[in-house]
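Feature list (source: Swiss-Prot):
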- 1-310: region '6 X approximate tandem repeats' (REGION)
- 1-53: repeat '1' (REPEAT)
- 25, 37, 94: beta-L-fucose 1 binding site (BINDING)
- 44, 277, 291: beta-L-fucose 6 binding site (BINDING)
- 54-103: repeat '2' (REPEAT)
- 73, 85, 146: beta-L-fucose 2 binding site (BINDING)
- 104-151: repeat '3' (REPEAT)
- 126, 138, 198: beta-L-fucose 3 binding site (BINDING)
- 152-209: repeat '4' (REPEAT)
- 177, 189: beta-L-fucose 4 binding site (BINDING)
- 210-256: repeat '5' (REPEAT)
- 230, 242: beta-L-fucose 5 binding site (BINDING)
- 257-310: repeat '6' (REPEAT)
C-alpha cells in the first residue's frame, strides 16, 4: 500500500544527495515536476510542497553537490532540455543559479553528474551531461561564467553518469573521476589528475551492465596519492551493486548491496569513518525513497521511507 505522502513522490524519480557529516539533504521530484528537499538534522523532516527548490521537466535527471552545506547546487533539465541550477548559499537561501542563462542544451535522455572542485575555498564547479551527439560534455564554472570544458567522448545514449572529486594531500589540485556506460554496455571510468590532465584511456570497472542503468559514486579518506572510492549501479538482478577502489588494491570486490525497483535512480553520500548512505526506490509504499546505511559495524537498511512518505 502507498501513503498520501509517498504518492507525491514521482515513481523512478531522479535522486540526488549532499551532506556535511551526518547533516543530510536529499532531492527528488514530485509528481507535478517540482524538485523538493528532504533533510536530516538528528531526525528526518521536510520533503513537502513547502520545500520546493525548483521546477523541472517531468522525469528530469538530478545531480547535486555542496561545500559543507554552506553552498549547495542542484542540477536538472528544463522542458527544453536546457541545464539549470538551483543554488543555495548560507545567508541568502535558495535562488536560480546562472547556469540556465548559458543555454547549454543537452540530449533529452541525458543524465547529469556534478562536483564542486575539492581542496579550494573558491566555488568552482564541474558538470557532466550528454549532448545530442551522445558525447559526455564537461561544463565549468570558475567564477567568471559558465563555459564548455573537456569533451569525454561518446557514451551509450542515456547512460548514467557518476562523478566524484577529491584532492590528494601531495597534489596541488583536484582529481576527478567520471563513470559512464559505453555502447557495448561496459561501465567505464575517465580520470583527471592535476599533473596529467584527462587520461585518454577508459578503465573498465564492470563488463556488462543493463543499458542506461543508474550510476553513482563517492570517495573518502584522501591521502598521499591514495584514495578510497565506491561506485554503485543498478544491475540486471534489480539490486544495487557496489564496486570498490581501495588504495593498494585498485578495483576489486564487486557485490550486490540491496534490492530496488527496476529502473530506480540512486544517490550516494559519505563522510569520515567511513560512513555511507545510499538512496533509492525499492517499492516501499510503491514510490517512497529508502535509505541504506554502512558504518564500521556493518550495513543495514536505514530509514525505510524518507519524508514525505512517512
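Cβ atoms are placed via backbone N, Cα and C, with glycine included.
Its own atom aside, the Cβ of residue 44 (beta-L-fucose 6 binding site) has 18 Cβ atoms within 10 angstroms in the protein chains shown.
The repeat '1' (1-53) shares the most Cβ pairs under 8 Å with 257-310, out of the stretches 104-151, 152-209, 210-256, 257-310. In the three-state DSSP reading, residue 146 (beta-L-fucose 2 binding site) counts as strand.
The binding-site residues recorded for this entry are 44, 94, 177, 242, 291, and the Cα of 94 lies nearest to that of residue 73 (beta-L-fucose 2 binding site). Excluding the listed site residues 73, 85, 146, the same chain places 75, 83, 84, 87, 97, 98, 99, 114, 125, 127, 141 with Cβ atoms within 8 Å of the centre of the beta-L-fucose 2 site Cβ atoms.
Summarising the beta-L-fucose 1 site geometry, the residues cited as binding it (25, 37, 94) extend over a maximum Cα to Cα distance of 14 Å. Residue 189 (beta-L-fucose 4 binding site) sits 26 Å from residue 291 (beta-L-fucose 6 binding site), counting Cα to Cα. Listed in chain order, the extra residues whose Cβ falls within 8 Å of the Cβ center of the beta-L-fucose 1 site residues 25, 37, 94 are 27, 39, 51, 53, 72, 74, 86, 88.
Proximity of residue 37 (beta-L-fucose 1 binding site) to non-local residues of its own chain (separation of 6 or more, Cβ distance below 8 Å) is seen for 25, 26, 27, 46, 47, 51, 53, given in sequence order. Annotated beta-L-fucose 3 site 126, 138, 198; additional same-chain residues within 8 Å of its Cβ mean position, judged by their own Cβ, are 128, 140, 149, 150, 152, 176, 178, 192. When pLDDT is averaged over the repeat '1' (1-53), the result is 98. Per DSSP, the repeat '1' (1-53) is made up of 6 helix, 27 strand, 20 coil.
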